[in-house]
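Novice: Copying in the features that TrEMBL gives for the protein in this structure:
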type: BINDING; residues: Gly87, Trp88, Ala89, Gly90, Thr91, Gly92, Lys93, Asn94; note: ATP binding site
type: DOMAIN; residues: 257-312; note: domain 'Torsin-1A C-terminal'
Amino acid sequence: ALEPLSVGLAIGVASALTGYLSHPRFYCSYVECCPRDGQRLNATALKAQLDNRLFGQHLAKDVVLKAVLGFNNNPSPKKPLMLSLHGWAGTGKNFLSQILAEHVHPAGLRSKFVHLFLATLHFPHHDQVKLYKEQLQNWIRGNVSACPSSVFIFDEMDKMHPGVIDAIKPFLDYYEEVDGVSYRKAIFIFLSNAGGDLINKAALDFWTSGKRREDIQLKDLEPLLSVGVFNNKNSGLWHSSIIDRNLIDYFVPFLPLEHRHVKMCVRAEMAARGYAVDEDVVQAVADEMTYFPKEQKIYSDKGCKTVQAKLDIHEDL
């Protein structure tokens, strides 16, 4: 027969071990957990990532950094954070949203708490708008119930059928809860090419008048974007109640990239591949890009979008 002391010791060890294994820190080191309430973002690391990896976008970096950190530091926000990123392809909208997602949830786009929607993939048919709206509401409700700080990224908003995105309006509004679920800790991000022409024109006007692009401020572009996108039938936000109710916290403009910014992208891509940075290759790749306006050739018409493909043909060098 077992001695009472031995039995008691065994039970004690088993209880201690069970408690250790079930402790949130231990469990979450092996299984992804939703961030604890009040958990802070690493502001220094986020700023460093934006400074070192996103080129030519002083406005976007400044606005998003302040918006996200202010939202994260607020123990009781009145509504979810809603950012709408606008600009031509290749200017860094997807890149910035990925960096942000990685700092909220370390697994980034692979996280079960980060959800990416592509308009042409997830909402392709015009005659299914009613179904899409219902599915979208159910998806968001279920995922925010599982993790209040979920991140939702909607790409290709300029290809979204009008009306679909209005399905999320109740979740973005100033409500304590909707059907027993609070959405106030979630982050919603729209990515769109809509408004890119307005941004490009404003940037060119600054250049023509002899002003530095770094002098462009949010107030120079945000009013143009909000009105332009609201009245643009190809924006996905055409006459949207989300804009009408002022639920988008920031319309974030991404400026067209200049030749010098393309070169920064080439250097960053070479470093990411483990290559020594060869300035002759950097120059060659940047020169192969096409630029506008036709006469001045100031801005890359594809931003940095084709840098990887262009660099591939120089790998033998």
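Cβ coordinates are placed from backbone N, Cα and C, and glycine is handled just like the others.
Let's see these features in context: how buried, what's close, how far.
Specialist: Within the same chain, residues at least six positions away from Ala89 (ATP binding site) with a Cβ under 8 Å of its Cβ are Asn193, Lys302, Gly303, Lys305.
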Novice: Below 8 Å Cβ to Cβ and six or more residues apart, same chain only. Which residues does that give for Trp88 (ATP binding site)?
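Specialist: In sequence order, the residues whose Cβ lies under 8 Å from that of Trp88 (ATP binding site) (at least 6 apart) are Asn193, Gly196, Ile199, Asn200, Phe254, Pro256, Asp301, Lys302, Gly303.
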Novice: Output, ordered by sequence, the same-chain residues six or more apart from Gly90 (ATP binding site) with a CB under 8 Å from its CB, or 'none'.
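Specialist: Listed in sequence order: Leu257, Ser300, Lys302, Gly303, Cys304, Lys305, Thr306.
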Novice: Please list, in sequence order, every residue of the chain apart from Gly87, Trp88, Ala89, Gly90, Thr91, Gly92, Lys93, Asn94 whose Cβ lies within 8 Å of the Cβ centroid of the ATP site.
Specialist: Phe95, Asn193, Phe254, Gly303, Lys305
Novice: Under a criterion of Cβ-Cβ distance under 8 Å and sequence separation of at least 6, what residues of the same chain contact Gly92 (ATP binding site)?
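Specialist: Listed in sequence order: Leu54, Phe55, Gly56, Gln57, Ala60, Phe254, Gly303, Cys304.
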Novice: For Asn94 (ATP binding site), which residues of its chain lie six or more apart in sequence with Cβ-Cβ distance below 8 Å?
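Specialist: When sequence neighbours closer than 6 are ignored, Asn94 (ATP binding site) has Asp155, Leu191 within Cβ distance under 8 Å.
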Novice: Tell me the residue counts in helix, strand and coil for the domain 'Torsin-1A C-terminal' (257-312), as DSSP assigns them.
Specialist: 30 helix, 5 strand, 21 coil
